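First up is the structure itself, then whatever we jot down about it.
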Amino acid sequence: MEESSRILVVGGTGYIGRRIVKASIALGHPTFILFRKEVVSDVEKVEMLLSFKKNGAKLLEASFDDHESLVDAVKQVDVVISAVAGNHMRHHILQQLKLVEAIKEAGNIKRFVPSEFGMDPGLMDHAMAPGNIVFIDKIKVREAIEAAAIPHTYISANIFAGYLVGGLAQLGRVMPPSDKVFLYGDGNVKAVWIDEEDVGIYTIKAIDDPRTLNKTVYIRPPLNVLSQKEVVEKWEKLSRKSLDKIYMSVEDFLAGMEGQSYGEKIGISHFYQMFYKGDLYNFEIGPNGVEASQLYPGVKYTTVDSYMERYL
């Protein structure tokens, strides 16, 4: 029986990284977590690392500013998964260029998964500013990976449920509104809503699969392909409460960017791409992509209906 690939997770204490670590351990992979010495100032992250260590993970100290430490860490594994923070923290995404250089020098990595996990940056050249900068930077990382001929898989995980399902996709809310809900446009644009735990499972499933080599894996479980209005209706049915619906035109929505911080403007522009332009589901998956729930039908993914029950 072939041994399971050894996996190094970079950003393993982050929002999605911790789910990837958990899935890697659960699926029987020797799991390594990269950590920086500065982590000692964050007690919660230290506790998380120690919890993962107790469950079998190995901790490797390294730094993006120490090339040799990165190379040494990479040489101990077969697969590298980066889950460094993105969005408005631009320098984190571009720091992956240092990781690419380490992987290139080590020469032993069978698969690299860079930090993406949202909309496919390869399809977002039309994105509006300032949200487009996230996709531009992720493309720079892709270009470096491909120029170095590093075997890779890109993961497009769409909407993280923890951010938007509970709040019914209301800006700044993570819990269900009690009286009214804003619908973007007519509320009928399709999106894809994914439990973060499932992102971890599908990511780990993909790293040894020849069908995902040098391809983009789109996580599109069919029961979770829903419009915002459909998500709202599911909550109303589950909670047995009707909400007043306020339909927001694209002009009114974009006017809300004025006076916001840079990070908030990025978030608003991404909402525009998802709920007005439909950029999560307005395209067919091409020959360079595959769909996760079709590849792994045995994974029992969490439906939006099931996910919502925690908010009752």
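Glycine is treated like the rest: Cβ placed from N, Cα and C.
Taking a C-beta cut-off of under 8 Å and a sequence gap of six or more, Gly17 (NADP(+) binding site) has these contacts in its own chain: Val9, Val10, Gly11, Ala83, Val84. Residues annotated as NADP(+) binding site in Swiss-Prot: Gly11, Gly12, Thr13, Gly14, Tyr15, Ile16, Gly17, Arg36, Lys45, Arg142.
Over all protein chains present, the Cβ of Lys138 (active site, proton acceptor) has 24 other Cβ atoms lying within 10 Å. Per Swiss-Prot, active site, proton acceptor is recorded for Lys138.
Per Swiss-Prot, the feature substrate binding site maps to His270; the stated evidence is similarity to another entry. When Cβ atoms from all protein chains are considered, those within 10 Å of His270 (substrate binding site) total 22, not counting its own. DSSP assigns His270 (substrate binding site) to a helical segment in the three-state reduction.
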Rounded to the nearest Å - Cα separation of Thr13 (NADP(+) binding site) and Lys138 (active site, proton acceptor): 21
Tyr15 (NADP(+) binding site): secondary structure state under DSSP, collapsed to three categories: coil
Cβ-Cβ neighbours of Thr13 (NADP(+) binding site) (radius 10 Å): 21
Distance [Cα-Cα, Å, rounded] between Tyr15 (NADP(+) binding site) and His270 (substrate binding site): 18
Extent of the NADP(+) binding site in Å [max Cα distance among Gly11, Gly12, Thr13, Gly14, Tyr15, Ile16, Gly17, Arg36, Lys45, Arg142]: 29
In the chain carrying Lys45 (NADP(+) binding site), residues 6 or more apart in sequence that have Cβ under 8 angstroms from it: Thr13, Phe35, Val39
